[in-house]
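Participant: So Swiss-Prot says this about it:
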- 44-85: region 'Cyclin A/CDK2 binding' (REGION)
- 45-64: region 'Disordered' (REGION)
- 87-171: DNA-binding region (DNA_BIND)
- 130-151: region 'Leucine-zipper' (REGION)
- 135-171: motif 'DEF box' (MOTIF)
- 172-261: region 'Dimerization' (REGION)
- 335-403: region 'Transactivation' (REGION)
- 375-392: region 'Retinoblastoma protein RB1 binding' (REGION)
């Protein structure tokens, strides 16, 4: 019975439509004995299904091994390819939109806001009906409300009625435009002033270079107190003269805050002088251009009041035609008989006998701001010192007089 049952099961398995590989394991018992049907082990590997009638599943107590043996290749096991994923095939051109459908950018709130502002700018009085705006822009009215709520929150529009709004940005723009025009005018004025200053600086630089490089101007490279008075009036403005070595740094603060002048130099000392107001016979024998002379001097009086110490050859050329008349010899002494014309004369003699005749020459034109020296230099000269020792000046830089 067992053998008949096993044969029947084997026949049922082999009678199927799909091919199977049947493996039968033999028992270790003697050939005379037979095992029951339950001890018979059958292993079958299913093959891929083919179209046709569904085969009958063998009634076995153990499920078939899910393994495929391809005997046509050298390899014993080959992985089975996965079947195609089930589902609807992707229709080509599904993302394409119809010609009448709008894109996402065309329906964006940003573009709608720009178009709404264009409608506001085209309105003569700045009033726009929201219903009319929704029809013109071809958008829903709620999107127009989203725009108006934001614009009203930043105070660019105001509600005139339920569906009418008015633009307020023109008033703000008018105030800003007027201020912008004022700022532009101020900027143009500042640029014109800056160009004028640049031209003046360039002109002064060129003139100063030509003046200093010209050899014929070397003998006149100095400034007198009268030159400064011809520019400004010391009674109204304070004139200060700074004598400093080369590479001196001069810094001037803003006059609007606190006017300060800072002068620094590492090459030598810095001297600052104050140009005083003009007073009769104090600064210089040369008359100030701000005060008319009291009386015209005759040629005879000019001979008497002429300074015995001449500063330049120009003064000599001016005085010689007046002094040397026909039949007149060159005077060798001043009207004061005791005063000598020698440049090596003692300063004491000049102070004692000539101070009445030369009041302007003895007085300093500039007032030194530094404190005076405690020692009296008028009576402290040594035997080897001369008149040049009385002045803090290098007389070697002056041009020699040509008589």
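Yeah, the Cβs are placed from backbone N, Cα and C, and that goes for glycine too.
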Participant: Mind checking which residues of the chain, 6+ beyond the ends of the region 'Leucine-zipper' (130-151), have their Cβ under 8 Å from one of its Cβ atoms?
Facilitator: 107, 109, 112-113, 115-116, 119, 157, 163-165
Participant: DSSP-wise, what's the residue breakdown of the region 'Leucine-zipper' (130-151) into helix, strand and coil?
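Facilitator: So the region 'Leucine-zipper' (130-151) is made up of 19 helix, 0 strand, 3 coil.
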Participant: Sort the residues of the region 'Dimerization' (172-261) into helix, strand and coil with DSSP and give the three counts.
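Facilitator: Breakdown, helix to coil: 55 helix, 10 strand, 25 coil.
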